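Engineer: Okay, these came from TrEMBL:
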DOMAIN    18-243  domain 'ABC transmembrane type-2'
TRANSMEM  21-42  transmembrane segment
TRANSMEM  48-74  transmembrane segment
TRANSMEM  95-122  transmembrane segment
TRANSMEM  128-150  transmembrane segment
TRANSMEM  162-180  transmembrane segment
TRANSMEM  222-240  transmembrane segment
């Protein structure tokens with residue numbers, strides 16, 4: 001990889017993103033809007049809302065960034081931009097990690113806005129502090145970015161990119177332990193849950209939301225998610241195509 005080219009790619013993606021006001025609104029405002037809906041759903045049970053809100057601070061960035069990134073990369077390919085870039089000295093990893101860094105910065109802004117809304121408007125105060133929540137939220141968002149970049153190689157249209165959402169994201173959300181504790185799941189579902197990366201992101205957030213102090217296991221969970229992010233970016237580089245057939 002070439003750091004100069006990687007940073008140039010990051011700047012280009014951020015410039016493109018800054019001109020797309022709808023995408024910016026989706027990144028920055030949609031999680032807060034959904035969190036507001038949850039608040040009024042659970043306004044009579046603030047204790048339950050506190051726990052769910054903390055977990056959703058990690059799940060929402062994953063889903064939003066997965067969708068946006070997969071569509072953004074597909075547009076690069078269908079518009080011919082990717083083919084022109086690949087004819088330059090740009091390495092695939094420069095492109096993919098540049099995208100990851102750009103959307104990682106966007107995810108950081110997203111986490112900042114959403115956590116600020118949760119903290120100041122809805123009084124969500126995790127025992128382990130908001131800094132750890134922000135870290136897990138950004139790592140989960142990067143998970144969405146990396147998987148979105150990987151799956152974009154298998155889509156030919158934006159509609160096909162959206163179709164990957166129920167295939168890739170929804171099973172992880174259902175089996176991560178948000179709705180049913182993983183220990184109470186069918187043994188087969190438990191084993192499936194064990195290999196899904198979002199499970200570990202949610203596990204970290206559940207520990208943050210717990211009334212007892214967080215243990216070192218939280219760093220193991222974060223490390224697993226970060227490892228999957230790196231692996232997905234490498235796989236995305238290996239499957240990256242210059243143009244859509």
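Cβ coordinates come from backbone N, Cα and C, glycine included.
Note: TrEMBL annotation is automatic and uncurated.
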Engineer: Counting only residues 6 or more past its boundaries, what in the same chain has a CB within less than 8 Å of a CB in the transmembrane segment (128-150)?
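Structural biologist: Sequence-remote neighbours of the transmembrane segment (128-150) are 54, 57-59, 61-70, 73, 96, 99-100, 103-104, 107-108, 110-112, 114-115, 119, 168-169, 197-198, 201, 204-205, 207-208, 213-214, 218, 222, 225-226, 228-230, 232-233, 235-236, 239.
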Engineer: Quickly jot the same-chain residues contacting the transmembrane segment (222-240) by Cβ under 8 Å, restricted to those at least six beyond its ends, or write none.
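Structural biologist: That would be 82, 92-93, 95-97, 100, 135-136, 139-140, 142-143, 145-147, 149-150, 152-154, 197-198, 200-201, 204.
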Engineer: Any chance you could find the range in 21-42, 48-74, 95-122 with the most Cβ pairs under 8 Å to the transmembrane segment (162-180)?
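Structural biologist: The stretch with the most close Cβ contacts to the transmembrane segment (162-180) is 48-74.
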